[in-house]
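For reference, the structure I am asking about is given below.
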């Protein structure tokens, strides 16, 4: 068989592995996001509990990186202490290693059984959660299929003359193998997929334990880099958690690499063959990491707090703009950057308005409502100041790209003000109405509303990233999320109406509140997604014309 065909087969199987892993994670996020968020938010009650909950959520999501992003978000909002966030991450790392253990057990009958079961759940399921469960089961089946395909595709490589030389070189140079594994894990954004890939190669006799151990250490290092890079533009609290986890894993990984360099570590005590030894070594690394680092979360929290300084509190500048520089109005490009920074500040205020909404639905605290209304005034003031500032910029030509960008930024400011209005004039009023009527949502309806609320907040974060990076792929993702949330809103409304037909008393009592909340959240999400359109127009205009 041609080497090119072998490589194409391997690449296709690896792509299926990555896609299937993501399919399981997104299925779990879509069906149980509110539950997962509630689990992690309880982690502030103790280090052991934080680690346990982090492990549970990582197993469900098959990703420690996803747990890192959720925990970072909670830390940024004050719902999770820094030490508890670090403990959560340590538990998530071990949970991710447990996922590898489970997926490495691949009897021949399991994949088709899971595929059939997942298909039945997906196609015959009557509720969204059941269909998502089918999606998850199909995803697990596809992971097992991809591992089998990788094993079959790599058989011809064992006969290749160059392969033993490459393996021998990397086995003799653990540091290079370590760096390659870290880089590859960071590129594919999945340590689970990489470890399974290495174990599959080992099962085919292509990777000895000594080389596999270096690759495992590098993969663990690369996994911590993923979360650190994804939160680099986030709040100080979020960056402290991912930095602390990076330091913990980097120190232990480099220590392990040094031991591999200096002495021979037998793999026989880890399992009967290289594949099992590599998987067990990955588990042992993360177990040791948890046992060693868990008592050190408090000192690490203090260290990262010194290394990552908090920005000035935004409360000091809610009303008067902090980032509009009048000296730049003669220089349009710099002035637009100044307006963009003020837009980001405005969006952060809007986030503070949206975040506590579901808490108000449970307890319409007058003080929290007063604070949200004060924040709305700040949003209105920022919107007015941004529009005035943009109107004063001296553009070279009314039709210039800078002038068009100024109009787009002004429209974004208006849309953010509309979001603030929707929060205060619709969602807050609905929360007050629920308190006055003393009614409760049905458990299913409450889960649906919480899920939509969490997705709106996630999309707000994505909108901020689009505004900062002007990345086309992120902009397209934001519009896809807009469409997905719209479908989820329609599904929730349909399921609510089904409960009404069945005569559910709680659904009858809260019918107007439920439907109005869905409508408001969809409106807010659409306004946030408007950030994507200017980015897509700019990138399309920048592309060379064909022909």
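The backbone N, Cα and C atoms fix where each Cβ goes, glycine too.
Checked TrEMBL, it gives:
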type	residues	note
DOMAIN	343-424	domain 'PhoU'
TRANSMEM	6-24	transmembrane segment
TRANSMEM	51-76	transmembrane segment
TRANSMEM	96-123	transmembrane segment
TRANSMEM	135-155	transmembrane segment
TRANSMEM	175-199	transmembrane segment
TRANSMEM	211-231	transmembrane segment
TRANSMEM	243-262	transmembrane segment
TRANSMEM	274-296	transmembrane segment
What same-chain residues lie close to the transmembrane segment (6-24): Cβ under 8 Å, and 6 or more beyond its ends?
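Same-chain residues near the transmembrane segment (6-24) but 6 or more away: 62-63, 135-136, 138-140, 142-143, 145-147, 149-150, 152-154, 156-157, 188, 190, 192-193, 196-197.
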Among 175-199, 211-231, 243-262, which stretch has the highest count of C-beta pairs below 8 Å with the transmembrane segment (51-76)?
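It is 211-231 that shares the most Cβ pairs under 8 Å with the transmembrane segment (51-76).
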Take the transmembrane segment (175-199) and find every residue of the same chain, 6 or more past its ends, with a Cβ under 8 Å from one of its Cβ atoms.
14, 17-18, 21-22, 62-65, 96, 99-100, 103-104, 143, 147, 150, 169, 207, 211-212, 214-223, 225-226, 229, 253, 257, 261, 275, 278-279, 282
With Cβ-Cβ distances below 8 Å as the criterion, list the same-chain residues six or more beyond the ends of the transmembrane segment (211-231) that contact it, or say none.
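Apart from its flanks, the transmembrane segment (211-231) reaches 64-65, 68-69, 72, 89, 93, 96, 167, 170-171, 174-175, 177-186, 189, 191, 194-195, 198-199, 202, 238-239, 241-243, 245-246, 248-250, 252-254, 256-257, 260, 265, 267, 274, 277-278, 281-282, 285-286.
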When DSSP states are grouped into helix, strand and coil, how many residues of the domain 'PhoU' (343-424) land in each?
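DSSP composition of the domain 'PhoU' (343-424): 69 helix, 0 strand, 13 coil.
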